[in-house]
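Heads up: the structure comes next, in structure tokens.
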Amino acid sequence: MASSRGPPTPWAGAGAGDGRPAWGSRLQYLLSCVGFAVGLGNIWRFPYLCQAYGGGAFLLPYAVALALEGIPLFHMELAIGQRLRRGSVGVWTAISPYLGGVGLGCFSVSVLVSLYYNMVLAWVLWYLLNSFQHPLPWSSCPASHNRTGLLAECVGSGPVSFFWFRRTLNISSDMGASGAVQWPLLGCLAASWGVVYLCVSRGIESTGKAIYFTALFPYLVLTVFLVRGLTLPGAADGLAYLFTPDVRVLGSPRVWLDAATQIFFSLSLALGGHIAYASYNPPRNDCEKDAVTIALVNSLTSLYAAVAVFSVLGFKATTDQENCLDRNIILMVNAFELPDQSIPREDYALVLNHLNVTWPERVAQLPLETCLLRDFLHKGASGTGLAFIAFAEALLHMPGAPGWAVLFFGMLFSLGLTSMFGNMESVITPLLDMGVLPRRVPKEALTGLACLTCFLLASCFTLQSGSYWLELFDRYAASINLLVFALLEVLGVAYVYGLDRFCEDVAWMTGRRPGLYWRLSWRLVSPLLLLLVLGASVLLLERFPERRERLYPGWVQAVCVLLSFLPALWVPAVALAQLLRRRTGG
Amino acid sequence: MLWLLFFLITAISAELCQPGGKNAFKVRLSIKTALGDKAYVWDTNEEYLFRAMVAFSMRKVPNREATELSHVLLCNVTQRVSFWFVVTDPTSNHTLPAAEVQSAIRMNRNRINNAFLLNDQTLEFLKIPTTLAPPTDPSVPVWIITFGVVFCIVTIAVILLIVSGVRQRRRKNKGPSEVDDSEDKCENAITIENGIPCDSLDTKGGHINEVFLMEDERLTPL
């Protein structure tokens, strides 16, 4: 039907005249997609993976996965959304009624993700609110009841861990013991849902304005942290540890698998958010350029964040090592009655040797610790452990700690907020397209209802066992399902919709036909890669290197399985329903 | 004769002040850690001051107002600056019980610390636990204040949003009734697009703007 392949129309602000809301400007659209893709994982998963998998060497599998899997899938999502101008449910129903389940599945996974993602934001908000005081509340242990010493629980674990596990989560001993609702956390959850509702209430009209701040503020803060971090002592050690390539690591398939998985989840593919965002574009927009730009920005942000984070963590490791040496020196000075401050840190090893030679029994009695920088760097954490324990502790050592804490947690909050916009968009756009509520109900009411429902459901994460549940959701709700949906998406587009027809559509939108790289990826490479990753994930059912083994009780394992596979069941269910309708209809 | 007496007294004192003795206390000072460059040297004069402070603390105890400087004995002074001390009973030749000395020191710990420009961590009495300062909990925790501010701002903003949305809808509902009248009037007017009258476009053989194609046409039903 489309004969002339004219150049893309300019962003005049008007849509295609079908009454669909449109972006205020191209920058808003780009920032929204970048904000959705760049989330908390860029700060606390990628740097950890980088250092766990041989530093600079990890960048190679990461770049390969980006080129072969990330960018083609991303381009495909943007192109489909832009062409068919519907949310995830509408798009897949339009491609084939049998594939309608994919859209519904994406929708359910988005709901699940919204639930627990905003809980993490509530934690960040709690830390942010507590950062406006000096000294920071996680800097010291509180006194015990009779005030003869510090609280025993705190002394055992350290004030930072105590603040996280006891004062914030008030964590119960295991998953079965639910405990009571933590009111401060519930308040923070309500506040963060309030902020999300505020920005999402009018759809892209409101997020488009909020996004200028929430998408750009993290970059500003990252730059500030980068500059500050690089000037701290020990930053060079942290960076060297992060980037020293260990090329042997490339031989293990686990690395490639994790790189592919990381790229997939980092770009927030298959959630339906990018489809929803692209559906508000004017039909003739260069989605190929957008896809490549946004994916590259996402990966470069990960790298940028890794440098900032690891320079601060290197500083923390150096400080920890210095404190360890100081403790050892005090033990030696006290035991051997040497003058105060007579052993500088550099001479510690020499003096220890000397004393070991002259009085070995006395030295053996002292509880000296080994203080290797490598050990402290190895304590690198990921996820909440990085943000709320490791980094929070590192902030304590920096002069002007409350200011840095406010900046850091503010950055985490806006990073999470932009991702929440995308999540809510992937929940609300399908609801609007499906026409769940009558037309005359204002959009604010629908969004408000959605936010309220999610808040009430998510309040179970504020229980004392809430963080266990959140970990469960984080690991199982999205991993397998999204891979299944992405595989079905790419197969659906390449084979059901027809790759030639799709390429024509893309050519109509961008003004040039997709090249061999794109066609090969869509038809062959990406589906194969996804199949590999999916197979491996099902076999392993864990996403990245684990630190501890935790055995779940039977009923919890059942919940894990349900979470992992239930949303994917939409696909066969809808296909079956469609089949039955055809049989009875015709 | 006098020398003999002197040796006797020092011998007795040496017996009374034994490191690890039942009523002896070990003291450890970290002057350089506390004061850095302004650290003073620990010499016999400082020891004299210490004995005076201990005697002062003991004199504050009822029944022990007669404690003198000579009753406080120091021994085993090391380079670390650590030493042992005992307080002797003037009437008998024994040392005072540890509990008494401990409670006296605890009561006057602050004065003793200040005399030496040190604090609880740099002037350590090894068997005497310190009393921690009472926790300075503000009446309202700081986070509640900031939380209240954030929550109020969010609530006000949401209310404003809803109100403005309602007002917009009311305006839109009133709007179409006015537009209908003007549409009737403009029926015979020339439609203008981008400043060019539409009629002239057709005659000039212009291109059809595919932006306005209905998308359903492009999708053939399965």
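Cβ coordinates are placed from backbone N, Cα and C, and glycine is handled just like the others.
Listed in TrEMBL:
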{"type": "TRANSMEM", "residues": "A:29-46", "note": "transmembrane segment"}
{"type": "TRANSMEM", "residues": "A:52-74", "note": "transmembrane segment"}
{"type": "TRANSMEM", "residues": "A:95-128", "note": "transmembrane segment"}
{"type": "TRANSMEM", "residues": "A:181-200", "note": "transmembrane segment"}
{"type": "TRANSMEM", "residues": "A:212-235", "note": "transmembrane segment"}
{"type": "TRANSMEM", "residues": "A:255-280", "note": "transmembrane segment"}
{"type": "TRANSMEM", "residues": "A:292-313", "note": "transmembrane segment"}
{"type": "TRANSMEM", "residues": "A:404-424", "note": "transmembrane segment"}
{"type": "TRANSMEM", "residues": "A:445-464", "note": "transmembrane segment"}
{"type": "TRANSMEM", "residues": "A:476-499", "note": "transmembrane segment"}
{"type": "TRANSMEM", "residues": "A:520-540", "note": "transmembrane segment"}
{"type": "TRANSMEM", "residues": "A:555-580", "note": "transmembrane segment"}
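Between the transmembrane segment (A:520-540) and the transmembrane segment (A:95-128) there are fewer than 3 Cβ pairs closer than 8 Å, counting only pairs 6 or more residues apart in sequence, which means the two stretches are not in contact. Taking pairs at least six residues apart, the transmembrane segment (A:255-280) and the transmembrane segment (A:476-499) share three or more Cβ pairs below 8 Å and count as touching. Take the transmembrane segment (A:95-128) and the stretches A:52-74, A:292-313, A:404-424, A:555-580: counting Cβ pairs under 8 Å, A:555-580 has the most. The transmembrane segment (A:404-424) makes contact with the transmembrane segment (A:212-235): 3 or more of their CB pairs lie within 8 A, with pairs spaced 6 or more apart in sequence. The listed stretches are A:181-200, A:212-235, A:292-313, A:476-499, A:555-580; of these, A:292-313 has the most Cβ pairs under 8 Å to the transmembrane segment (A:29-46). For the transmembrane segment (A:52-74), the residues of the chain that approach it from at least six positions outside its boundaries are 241-250, 255-256, 258-260, 262-264, 266-267, 269-270, 274, 291-292, 294-295, 299, 303, 380, 486, 489-490, 518, 521-522, 525-526, 529-530, 544-545, judged by C-beta separation under 8 angstroms.
Of the Cβ pairs linking the transmembrane segment (A:292-313) with the transmembrane segment (A:445-464) and spaced 6 or more residues apart, fewer than 3 are under 8 Å, so the two regions do not touch. A Cβ distance under 8 Å defines the sequence-distant neighbours of the transmembrane segment (A:181-200), meaning residues of its chain 6+ beyond its ends; these are 118-119, 121-123, 125-126, 129, 168-170, 206-207, 210, 214, 413, 417, 420-421, 424-425, 428, 447-448, 451-452, 454-455, 458-459, 461-464, 466. Long-range contacts of the transmembrane segment (A:555-580) within the same chain, counting only residues at least 6 positions beyond its ends with a Cβ under 8 Å from a Cβ of the stretch, are 97-102, 104-105, 108-109, 112, 175, 472-473, 475-477, 479-481, 484-485, 488, 541.
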